[in-house]
Amino acid sequence: MAAMPKPSDSKTGGKATVLLGSQWGDEGKGKLADVLSGQMDVCARCAGGNNAGHTIVADVNGVKTKFDFHLLPSGLVNPRCAGFIGSGVVVHVPSFFAELDTIQKKGLNCDGRLFISDRAHLVFDFHQVVDGLKEVELGGSSIGTTKKGIGPAYSSKASRSGLRVHHLYDPELFATKFRKLVEGRFKRYGHFEYDTEGEIARYRAFAERLRPHIVDGVTFIHTALAQNRKVLVEGANALFLDIDFGTYPFVTSSSTSIGGVLTGLGIPPTAIGDVIGVMKAYTTRVGMGPFPTELHEEIGHHLQEVGAEYGVTTGRRRRCGWLDLVMMRYSCLINGYTSLNLTKLDVLDQLKEIKICVGYVVDGKELPSFPADLEVLAKVEVQYKTLPGWQQDISKTTTWEELPENCRNYVDFIEQFLGVKIEWIGVGPARESMIHRAG
């Protein structure tokens with residue numbers, strides 16, 4: 001084990017670039033992660049598990065190849081970039097190996113460059129069973145989880161009964177704690193079918209295969225920063241799925257805001273450099289919960305089809321609506337974005353008029369901020385600003401100046417309302433379909 005590095009000097013040590021979802025997820029973070037990872041030495045995950053979903057098309061030996069990332073950092077598409085799964089992530093080991101095997105079969109060699117913190121908690125198959133049982137129990141009030149066991153694993157962690165990666169290397173302790181953990185779930189949900197002893201044996205085998213990937217996560221990330229390595233932190237999910245600041249209870253079970261970066265990796269605020277918020281040019285969400293700007297008719301269906309709005313992880317159809325700047329202003333306050341990446345702007349190409357939410361009104365009074373109470377959110381009257389569309393294909397544009405005037409006006413309005421520069425603009429699904437506004 002390497003010696004513990006000295007604390008990073010905020011003036012001379014490296015700074016991590018952080019990439020965060022600013023809405024309800026599915027904003028297209030993977031594409032910018034792919035673009036930025038070409039300049040990075042480390043791409044790190046800090047929270048969540050294999051409930052995330054990033055799709056990237058990369059060149060592998062001269063062939064355009066599609067990769068779906070769920071648990072692994074998508075920066076692995078850059079052959080010189082190390083992938084790191086931090087302490088705040090919950091790891092389902094079978095999914096880790098299945099995903100690793102899949103991307104390696106597609107020609108992406110990850111030998112010696114994929115690491116997991118020894119403090120990360122483990123997700124087991126019984127967590128996934130419990131996830132489904134809990135959704136059934138909730139009935140019509142179900143949250144609409146991915147049923148990947150993420151919530152139950154974080155529940156085990158919070159109740160201090162969970163198992164961490166390092167426990168795999170004390171077989172007797174692992175077996176004892178595992179049996180106790182499963183028994184607790186039997187008492188809560190009844191005796192569901194589960195091979196406890198078979199699972200213990202399976203994880204004993206996993207432990208040996210996993211061993212080359214295990215590191216002291218705190219030492220790993222601080223060494224990278226102390227050596228001025230370029231670190232990209234790839235956020236999972238998004239601000240409105242955050243356990244504290246999202247549309248609770250229709251959220252995930254981890255901190256998906258900037259705070260989760262610090263606690264999930266064990267780094268101080270002084271180690272953070274740029275914080276890039278990724279936002280769609282419209283709004284989508286998966287699952288249940290209020291959605292003020294949701295479109296149910298023709299335009300909503302148009303956004304769904306043209307934007308291919310189906311979840312990477314679940315395949316579920318995403319709900320679509322107009323861009324909500326009340327949401328985005330709240331998101332900017334919490335995460336402190338230094339710049340924004342506006343994605344899928346081309347999906348709006350055919351629309352004659354485009355609406356943007358600029359305010360919420362309840363009982364004749366404008367709300368001063370995004371409400372915590374979902375009962376209030378469900379009854380807001382949305383105030384819209386209507387802008388003319390550009391009604392032409394922008395997917396081949398490569399510079400800001402090439403965009404139609406009405407398109408630039410749309411971007412400018414968002415930027416001025418939020419007070420944050422839109423530095424990156426996605427105009428198509430390809431990696432190259434990204435305009436960078438430098439300066």
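From the backbone N, Cα and C atoms, a Cβ is placed for every residue, glycine too.
Record features (Swiss-Prot):
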type	residues	note
BINDING	25-31, 53-55, Arg318, 344-346, 426-428	GTP binding site
BINDING	Asp26, Glu27, Gly28, Lys29, Asn51, Ala52, Gly53, His54, Thr146, Arg160, Asn237, Thr252, Arg316	IMP binding site
BINDING	Asp26, Gly53	Mg(2+) binding site
ACT_SITE	Asp26	active site, proton acceptor
ACT_SITE	His54	active site, proton donor
BINDING	Val312, Thr313, Thr314, Gly315, Arg316, Arg317, Arg318	substrate binding site
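Shown here: features listed in Swiss-Prot, placed on the structure.
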{"residue": "Gly25", "record": "GTP binding site", "DSSP class": "coil"}
{"residue": "Asn51", "record": "IMP binding site", "DSSP class": "coil"}
{"residue": "Asn237", "record": "IMP binding site", "DSSP class": "coil"}
{"residue": "Gly315", "record": "substrate binding site", "DSSP class": "coil"}
{"residue": "Leu345", "record": "GTP binding site", "DSSP class": "helix"}
Highest CB neighbour count within 10 A among the recorded positions Lys31, His54, Arg317, Arg318? Lys31
Taking the binding-site residues one at a time (Gly25, Gly28, Gly53, Gly315), which has its Cβ surrounded by the most other Cβ atoms within 10 Å? Gly25
Listed recorded positions His54, Gly315, Arg317, Leu345, Val427; those within 10 A of Asp26 (IMP binding site), CA to CA, turn out to be His54
Going by a 10 angstroms cut-off between Cβ atoms, which of the binding-site residues Asn51, Thr55, Asn237 has the sparsest surroundings? Thr55
For Thr55 (GTP binding site) and Gly315 (substrate binding site), what Cα-Cα distance in Å is obtained after rounding to a whole number? 13
Per DSSP (helix/strand/coil reduction), Val427 (GTP binding site) sits in coil
Need the DSSP three-state call for Lys31 (GTP binding site) to compare against my parser. helix
Can you tell me which binding-site residues out of Gly25, Lys31, Arg317, Leu345, Val427 are within 10 A of Gly53 (IMP binding site) by Cα, answering none if there aren't any? Gly25
Rounded to the nearest angstrom, how far is the Cα of Gly25 (GTP binding site) from the Cα of Arg316 (IMP binding site)? 13
